[in-house]
Amino acid sequence: MRGSVIGAERSGQTIMVALVLMVGSFYTGSLFGTNQPIYVSHPSSHSASSKFANKIELTYRRLPLVIPESGMNVCPLEFNEYIPCHNVTYVHQLLPSLNLSRREDLERHCPPLEHRLFCLVPPPNDYKIPIRWPTSRDYVWRSNVNHTHLAQVKGGQNWVHEQGQFWWFPGGGTHFKHGAAEYIQRLGNMMTNETGDLRSAGVVQVLDVGCGVASFAAYLLPLGIQTISFAPKDGHENQIQFALERGIGAMISAVATKQLPYPAASFEMVHCSRCRVDWHTNDGILLKEVHRLLRPNGFFVYSSPPAYRKDKEYPMIWDKLVNLTSAMCWKLISRKVQTAIWIKEEKEVCLKQKAELKLISLCDVEDVLKPSWKVPLKDCVQISGQTEERPSSLAERLSAYPATLRKIGISEDEYTSDTVFWREQVNHYWRLMNVNETEVRNVMDMNAFIGGFAAAMNSYPVWVMNIVPATMNDTLSGIFERGLNGAFHDWCEAFSTYPRTYDLVHSDHVFSHYNKSYGDGCLLEDIMLEMDRIVRPQGFVIIRDEEYIISRIRGLAPKFLWEVETHELENKDKKITESVLFCRKRFWAII
């Protein structure tokens, strides 16, 4: 077991761990402040340090659930990158039962309750508070993502380079090693017949498949284009961890056997640059998932060898892609350099004709209405049925009432009231957190409802992952219609992200929703543990909920090594105030 021990006693197999507050702000007026932890390396050395009683012990989830008086146990240091539902060791045990030809091994596989870890995930050795945005777009601390594989195999394509104590991201990629900005301009020209850019082509929201370190998304931001970037946890180890450390919206995911956790008709563009997806296989079922996600007149951008190479099996793959896209009534609008671009023309008559010719099957209406959470991929094509034009800019989308909300009974007055409420609350949040706005970049709203919190945060230099629990009504379609991004998720399970991802996690009545309703894996302590895993050291957790839940969390927070304050803020009815918890994760380490 690595780590020094404070105190001389050892009891049985329990080893006491030194947990030290890393005091002082990383930024003291300059980019690279002190950011140095205070280590205790000898039992008699207690100066300027804080000792905790938490024990280092590999602990699994058990019933009844009991948190020791000494506080939550701390997982051993080797679990510093633990992702419960993407655990390579557990997935390896499942391999005989998985469809490897369709890469089911890359999807989420959450362990049963008794195999879940129930201990705090520690930071790695020499972890530092992340560099602030926008500098983090180009530089992150090497010790925070201490993996060299990508730099070794992708350095020549300008993904990432090592520079002393930093990782440097030049903005390149496999198909844009000379820079994402030039590549993005080229795509805009291809979409507009050399007359405009992605904005004039109507692109506001993008899904980047197999995103690498997310440089493509980073360079779309100046255009006001919002991107969800995803990639699996595969041989390109830690690519999503790099993206999130940079402050770019990303998550772990894979196109394999299940629908992606996003609503239908959510994106104007789906992008694949050497994304390692075999779109041409299995009767194009993966392309049909792209069709589901694209809005009418949305674009599929494909930068990959079959689009330009004439050797090996690439011409055969290209012919299959052409046949599959034609059957879905897509139109190939440009093919040059190393990229092909299709447009999804929403021609209902065409789709019905293709169905009559047995070239495709059309999805049932109820398939369109289901939340996309653990839903098997459908070998059918959805007709979106959309008739209303979306505003052309992000600013307009943020304020316009989404028509999809009317379908689920949310009126325009309720929408306006929610927007005003969260604008006021976000102002209070910043005042009470009392930090520079650049200290918060990655934000998650665990129960986003219709996106009012994220819309209010839009004036700050942050991005927000809006989560709509899969057990609630599908309001995520309305969130996407507002120009915001998000995903479906079930908080009985861990989220598909690395530890230490978010600077701020916002929870509005998440605990009361899951309280005693969804099984033992969704207890208050389970959700708190997942919050702790995904929030960064010195990051914030803001919790609004029923008073009895607030009281319980207030009592448990110190055992999770959270500082906690209670503030009274106006509730949604604006008739009374409610207690809101402001928790801050301490910066501690195993020594």
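Here the Cβ of each residue, glycine as well, is placed from N, Cα and C on the backbone.
Bear in mind that the values here come from a model prediction, so they are computed numbers and not experimental data.
Swiss-Prot lists transmembrane segment at one of the ranges 14-34, 455-475, namely 14-34. Sequence-distant neighbours of ASN146 (N-linked glycosylation site) (same chain, six or more apart, CB under 8 Å from its CB) are PRO124, listed in sequence order. Counted within 10 Å of its Cβ, the other Cβ atoms near ASN323 (N-linked glycosylation site) come to 12, all protein chains included. Each of the glycosylation sites ASN87, ASN193, ASN436, ASN473, ASN515 was assessed for Cβ neighbours inside 10 Å, and the highest tally belongs to ASN87. Here ASN436 (N-linked glycosylation site) is compared against the glycosylation sites ASN87, ASN99, ASN193, ASN323, and the shortest C-alpha distance is to ASN87.
Looking only at the glycosylation sites ASN87, ASN99, ASN193, ASN323, the one with its C-alpha closest to ASN515 (N-linked glycosylation site) is ASN87.
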